[in-house]
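Listed features, source Swiss-Prot:
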CROSSLNK  LYS10  SUMO2 cross-link
CROSSLNK  LYS92  SUMO2 cross-link
CROSSLNK  LYS100  SUMO2 cross-link
CROSSLNK  LYS108  SUMO2 cross-link
CROSSLNK  LYS125  SUMO2 cross-link
CROSSLNK  LYS140  SUMO2 cross-link
CROSSLNK  LYS156  SUMO2 cross-link
CROSSLNK  LYS161  SUMO2 cross-link
CROSSLNK  LYS174  SUMO2 cross-link
MOD_RES   SER17  phosphoserine
MOD_RES   SER73  phosphoserine
MOD_RES   LYS92  N6,N6-dimethyllysine
MOD_RES   SER137  phosphoserine
MOD_RES   LYS156  N6-acetyllysine
MOD_RES   LYS161  N6-acetyllysine
MOD_RES   SER177  phosphoserine
MOD_RES   SER189  phosphoserine
MOD_RES   SER200  phosphoserine
MOD_RES   SER219  phosphoserine
MOD_RES   SER224  phosphoserine
MOD_RES   SER247  phosphoserine
MOD_RES   SER312  phosphoserine
MOD_RES   SER329  phosphoserine
MOD_RES   SER332  phosphoserine
REGION    181-341  region 'Disordered'
Amino acid sequence: MEREKEQFRKLFIGGLSFETTEESLRNYYEQWGKLTDCVVMRDPASKRSRGFGFVTFSSMAEVDAAMAARPHSIDGRVVEPKRAVAREESGKPGAHVTVKKLFVGGIKEDTEEHHLRDYFEEYGKIDTIEIITDRQSGKKRGFGFVTFDDHDPVDKIVLQKYHTINGHNAEVRKALSRQEMQEVQSSRSGRGGNFGFGDSRGGGGNFGPGPGSNFRGGSDGYGSGRGFGDGYNGYGGGPGGGNFGGSPGYGGGRGGYGGGGPGYGNQGGGYGGGYDNYGGGNYGSGNYNDFGNYNQQPSNYGPMKSGNFGGSRNMGGPYGGGNYGPGGSGGSGGYGGRSRY
């Protein structure tokens, strides 16, 4: 039987004790299945643990079993497991943010709430489902939201970009509120924000501002709660330098969700009007703002220039050698925010 793609079988494990080794990490996670890979990420110079690692199971069902058994505690410390983000997604704004709300695009007129519920309830407990309609005509605007009681169903669903719902191709993404997008953009600008990617140009991984946030030799090690760092074998790394979303980016002034094009909406001008507090309060008016290009090419969702994944290109072996960070500088890049992963 052909094995499922690695991206569906890999977990990022944050918050590891510096005493945790590959052996103890493996011993802990093997209670849910066979591991095909296990690594604790270490500083290439000092060999000191960087406080996170990755485990890869032999099947997605084993990953599901492990995530269903949270919280996890290893060597006396509660760790934070999360489905690893694949390289091609890792640099997109919000890729590492933990949310319980899922955006669903490509909803057709004949798709009702029960279709979404029937499809998505297999992933986890659903709190709410919203299909957005035009306030005047009552027609569906082509998108909606599904909110779960936990972040893991969302993380699992977005591993697969397209889903067939009621016979139609739908695209899924994490739904980020305006505040969450501002935090992402704050981190992108190097101000640190809640994500603490910081500047990171001075090789070694400066995790955001303030004392104690230098991951290499910093006294509090876990990046002052500001994020984790680099990629491993193409997974989970932080954004490549200034290319956090790249250009056109997540609606960064260009186009946005449906911006001027037909998009998924049926009005030919984006999703129109404001909704909730999402995307800068501007799901439309010609753009879906902070969510990225949802134009005629659904794949242009928060694009990032290919190849600019931390400039590392996985040099120096399967774990990316020592060159993990933005622009190939050796900086750390960052893995999401304080407790958002």
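Positions of Cβ are set from backbone N, Cα and C atoms, glycine also.
Of LYS92, LYS108, LYS161, SER189, all annotated as recorded positions, the residue with the shortest Cα distance to SER137 (phosphoserine) is LYS108. Among the recorded positions listed (SER17, SER73, LYS92, LYS156, SER189), LYS156 has its Cα nearest to the Cα of LYS108 (SUMO2 cross-link). Here LYS92 (SUMO2 cross-link) is compared against the recorded positions LYS10, SER73, LYS100, LYS161, SER177, and the shortest C-alpha distance is to LYS161. Under the DSSP three-state reduction, LYS156 (SUMO2 cross-link) is assigned to helix. For the pair LYS10 (SUMO2 cross-link) and SER17 (phosphoserine), the C-alpha distance works out to 20 angstrom.
LYS174 (SUMO2 cross-link) sits 29 Å from SER17 (phosphoserine), counting Cα to Cα.
Looking at LYS92, LYS100, the recorded sites in this record, the fewest other C-beta atoms within 10 angstroms of the C-beta turn up around LYS100. Fewest other C-beta atoms within 10 Å: among the modified residues SER17, SER189, that description fits SER189.
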